[in-house]
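According to Swiss-Prot, the protein has these features:
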{"type": "BINDING", "residues": "HIS29, ASP31, GLU144", "note": "Zn(2+) 1 binding site"}
{"type": "BINDING", "residues": "GLU144, HIS215, HIS236", "note": "Zn(2+) 2 binding site"}
Amino acid sequence: MTVDLREEKELAQQRFKEICKHAKIVDTHNDFPYLLRVQLRNKLQLAEFDFENGLTSHTDLVKMRQGQVGVQFFSCFIECKNPNYLYQDFDTPTTVVRDTLEQIDVTRRLVCKYNNDLKFVDCADDAIAAFRNNGKIAIALGVEGLHQVDTSLAVLRQYYSLGVRYITLTHNCDNPFATAASSITGGLPDRGLSAYGIECIFEMNRLGMMVDLSHVSHRTMHDALDVTKAPVIFSHSSAYTLTEHERNVRDDVLERLKTNGGVVQVNFYQDFIRKPGSDRATIDDAADHILHIIKVAGWEHVGLGSDFDGIPQGPKGLEDVSKYPDLICKIIERTNATNEQIEGLMGLNVLRVWKKTELVALQLSKKLEPIESSWSGRKWEFYSYAKEFPELFPDAYKLNEKSTVWNYDQPLNIEK
């Protein structure tokens, strides 16, 4: 390394250190709770689980402090039910809601267990305070796919009441709301957003739930941008122009973020950021994706969504959560960015989206009632004896005959 390059690097580090006196890192996607599920069955009291002093995962408290993390969104992720990532029989009962609740529970218990260092946040102002202060790390919740609401907007509302503040419209499967990027990769048609999906976005806007467009198809991105009243996020996606993968964001969508106000949080997964022909992605590849998004959309529309602990390994130079400072310093070295622009990249951009989403909800909630629609393909099954109970009003039982299945001929048995 030449003297000039060494000095440039040292200056970037000094500047980052100064910025960190009043700004921290916000990461919108980390799958650490999934490791707790698949490896520990969500048991946090095991002696071997030493989150406070260091683990071999991408994430632990030591690495988070080293990485200058101020706000971390943990993903309450549960897989699509079909191992082939196809999701056509949407009305088959699953355990996905139970499993999602367990992930919300274990994340909140983690915060309680380490409450000297972590705190739970469910509003933008509290997250902004954590971003600005050198205190406890703020933990927020996201859900990675509307398959996890099991076709029900009522479940969506209950997730919000439990503190979930963004939901990804799809994971690696279609659902009644939207088309997934994985379906396009698999050769299936891009149907975009369904009519029910539009209603879902309106309900998310009404609640103050951020709309996450990572994992969705190209058409779904445009459809969502056409109807949402609030800015969107891409919680963990990168730039399609640099790495042509359906999980990434094309330039025509990046252009629309200037009007929508949304952000792309750059993902560190190898397949989404490495150069064609390269065996492994590097920290410079991640920086390239950040800079491309800035070039097309602007400094206000980019952030960090690593996908740590949901990917096998990080890029070279970005091996775990502790390495965020190296990436920010790389951007400082390669640009003439102002401190305000660097703060936006570090996390203020996505916190602005969160705050704007809350303000939109404040206005909509004054005018709109909760959306009571259900998926058109849903069958409501009841025991036949239910028809023996009093009607709420004449012919109430006939209102929903087309979607009702009376296929349980079990007699009413009331013990006196």
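The backbone N, Cα and C atoms fix where each Cβ goes, glycine too.
Using the Cβ center of GLU144, HIS215, HIS236 for Zn(2+) 2, the list of other same-chain residues with Cβ within 8 Å runs, in sequence order, HIS29, SER75, PHE77, GLY145, THR168, HIS171, ASP212, SER214, SER235, SER237, ASP307.
The two recorded residues, GLU144 (Zn(2+) 1 binding site) and HIS236 (Zn(2+) 2 binding site), show a Cα separation of 10 Å. HIS215 (Zn(2+) 2 binding site) and ASP31 (Zn(2+) 1 binding site) are 15 Å apart (CA-CA, integer value).
For HIS215 (Zn(2+) 2 binding site), the same-chain residues that are 6 or more apart in sequence and have a Cβ closer than 8 Å to its Cβ are GLU144, GLY145, THR168, LEU169, THR170, HIS171, ASN172, ALA180, ALA181, SER182, ARG247. When the binding-site residues ASP31, GLU144 are scored by other C-beta atoms within 10 Å, GLU144 scores highest. Geometry remark: HIS29 (Zn(2+) 1 binding site) versus HIS236 (Zn(2+) 2 binding site), CA distance 6 Å. Per-site Cβ counts within 10 Å over the binding-site residues HIS29, HIS236 peak at HIS236.
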